[in-house]
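> This is the structure I want to talk about, given as structure tokens.
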Amino acid sequence: MAVTPSTYPRRLLPLFLGLFQGALLLFFALFVTYDEPSAEDTNLASQVYSTFPFFQDIQVMLVVGLGLLLSFLPRYGFSALTHNFLLLNFSMQWALVLQGLLHHFHHGQIHLDLHKLLISEFAAVTVLISVGAILGRASPCQLLVMATCEIPIYLASEWVIGTRLGVLDVGGTITIHVFSCYFGLGVSKALFRATQQPLHPKETTTPSSDLVSLVGTLILWVFWPSFVAVLCQPGDAQHRAILNTLLAMSAGAITTMVASSLLERDGKLSTGHLQNGSLAGGVAIGVVADMAMPPVAALALGSLSAVACVLGFRFLTPLLRRKLTLHDQCGIHNLHGLPGILGAAASVVAVLVTSKDAS
């Protein structure tokens, strides 16, 4: 029986994913193995006990928290959750292959461990953030093509920033948040640059969809310190990163409510501001989280990033849409771009004012 032309796009997704997973199975069978530690080697056990709890927190953040946060469009909730879950798994496996070939390919084998899997998951985060700019306006195949292109570009960018320039960014403020923000905005501009598209009726939120999205924000808020601290050196640096992140996010949450109430009519809180501004402190603090700085600096950075995020939603997003026809569905520029730039600037100040004998 002949297949009608309208069904071809639906066949592309399983074909693409089937070919990808089949190629990955062959690659793993030929080149990937596990480390075989000796009986005296305790590093593996310490890695599991120290890293896996953080890894589980990050999984909850990405699968549940971020998935719910992206479900604010009432008729796109199921797609937001499933596409987020699909892109996480696809991007993580793709990053695992590329990182293995580029950095861990020795004697014809790639030795897999929990740390390499964690780094691959961090690469997948960039895709999940970038998708926010085109949420609801791109097909699953377009999202997969975007992920296929973004992962190698991210790996190159991260290598230049971390290795060649020597930038310390334990929480991914620059390498993850700023990069993924402007990559997503670039994709949005490329796809929707032709016309000034009005807001579609399906893009209007409802109280129930806003409530579900706000639950996602709360989940992200609770587990965010694990995301920032997991790559820090265990001990004092990791402890300091957790404390700084908690302080920044607490200050950001309160400041978001203050700024939103002052900017909104009749002093009512904006759900969109709460969904994003409450997380802005976690974005900004990542690059300086493990640095030796006073607690008040973390509070100040969290407050400033929340103000930048709320002002961005109130004034900058409409301006960019009107002047540049730049479509940013989730406001990733306000949550990831502006606080990320603010955090990068704060890291420069922190290095300049810190005494040379500080840790």
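Here the Cβ of each residue, glycine as well, is placed from N, Cα and C on the backbone.
Not my notes, these are from TrEMBL:
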- 12-34: transmembrane segment (TRANSMEM)
- 25-351: domain 'Ammonium transporter AmtB-like' (DOMAIN)
- 54-73: transmembrane segment (TRANSMEM)
- 85-105: transmembrane segment (TRANSMEM)
- 117-136: transmembrane segment (TRANSMEM)
- 143-161: transmembrane segment (TRANSMEM)
- 211-231: transmembrane segment (TRANSMEM)
- 243-263: transmembrane segment (TRANSMEM)
- 296-316: transmembrane segment (TRANSMEM)
- 337-355: transmembrane segment (TRANSMEM)
> Going along the chain, which residues at least six beyond the ends of the transmembrane segment (54-73) come within the CB cut-off of under 8 Å?
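Counting only partners 6 or more residues beyond its ends, the transmembrane segment (54-73) has Cβ contacts under 8 Å with 80-81, 84-85, 88, 114, 117-118, 121, 124-125, 128, 131-132, 135-136, 202-203, 205, 209-210, 212-213, 215-217, 219-220, 223-224, 226-227, 229-230, 272, 275, 330.
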> Please give the average pLDDT for the domain 'Ammonium transporter AmtB-like' (25-351) in this predicted model.
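Within the domain 'Ammonium transporter AmtB-like' (25-351), the model's average pLDDT equals 91.
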